[in-house]
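The block underneath contains the structure these notes are about, expressed in structure tokens.
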Amino acid sequence: MKDNTVPLKLIALLANGEFHSGEQLGETLGMSRAAINKHIQTLRDWGVDVFTVPGKGYSLPEPIQLLNAKQILGQLDGGSVAVLPVIDSTNQYLLDRIGELKSGDACIAEYQQAGRGRRGRKWFSPFGANLYLSMFWRLEQGPAAAIGLSLVIGIVMAEVLRKLGADKVRVKWPNDLYLQDRKLAGILVELTGKTGDAAQIVIGAGINMAMRRVEESVVNQGWITLQEAGINLDRNTLAAMLIRELRAALELFEQEGLAPYLSRWEKLDNFINRPVKLIIGDKEIFGISRGIDKQGALLLEQDGIIKPWMGGEISLRSAEK
């Protein structure tokens, strides 16, 4: 495992957005300017924009707020939350420790080296720019009871963001949040467990907060950040509130399933009563979205007939001209 101590100290010094000379940084960290430059490159590899201005030194384009475990844990009533600077993926971190976790245990990271989205896709995860959060839950009723879970997670995330001031956030079937018709957040639910056995579930969420650019090869749809929409939220408050609300929602979901959430989905549905297309492999199916049914399937109207659609291979997009 690479030692990230120095780059992490460096980012903490640069986090205020001011200029810092290589000399100053070298003195503080007890190393040469050349060594500082090498660690600056690590930060760039993590997706951090570090400017270099001759005669002034290094600076970030704007201050960044780093995650603070003490602040996050101080807003929660117990349960374990790992706050990690650099990790392969928050979901993988929990999956690797599944035997020792309790329902509601969570993990948050500044940077994911191998973040992943639905269908094994890469999830673009620059350092300190977004929120990457995963939570473990053990569903005693088994894997079949998890149907509709990603919808519940989406509703909770949208409601939390709205409470904190991002009041135009909406949900998109089956596992995204949208703002201004662009993707703001994604959800990945990973499940292990056999039929007749409890399901071990790891829920991952990534929220775009302030990233400035993306790798086009990784992001295949229009995206937006809270910052671009003029919304600046405290990352630590957001993380704590999400963990608290997700724990409560998962308890309710365990007892009552999707039923209590159906009307909440309808209020937040980004595409309800709008022309959409479903993409399944290389096939496109056009119709009007009519919300979801009791199982969480997407209801699509074609020629006056409404049919439910369900499945991990379906993508939903707008079909408005």
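Cβ atoms are placed via backbone N, Cα and C, with glycine included.
Swiss-Prot lists DNA-binding region at one of the ranges 22-41, 302-321, namely 22-41. Per DSSP, the DNA-binding region (22-41) is made up of 17 helix, 0 strand, 3 coil. Here the binding-site residues are Ser89, Thr90, Asn91, Gln112, Lys183, and the one whose Cβ sees the fewest other Cβ atoms within 10 Å is Lys183. Within its own chain, the DNA-binding region (22-41) is flanked in space by residues 6-7, 9-10, 13, 50, 52, 57-58, which lie at least six positions past its ends and keep a Cβ under 8 Å from the stretch.
Here the DNA-binding region (22-41) returns a mean pLDDT of 87 for the predicted model. Under the three-state DSSP scheme, Gln112 (biotin binding site) falls in the strand class.
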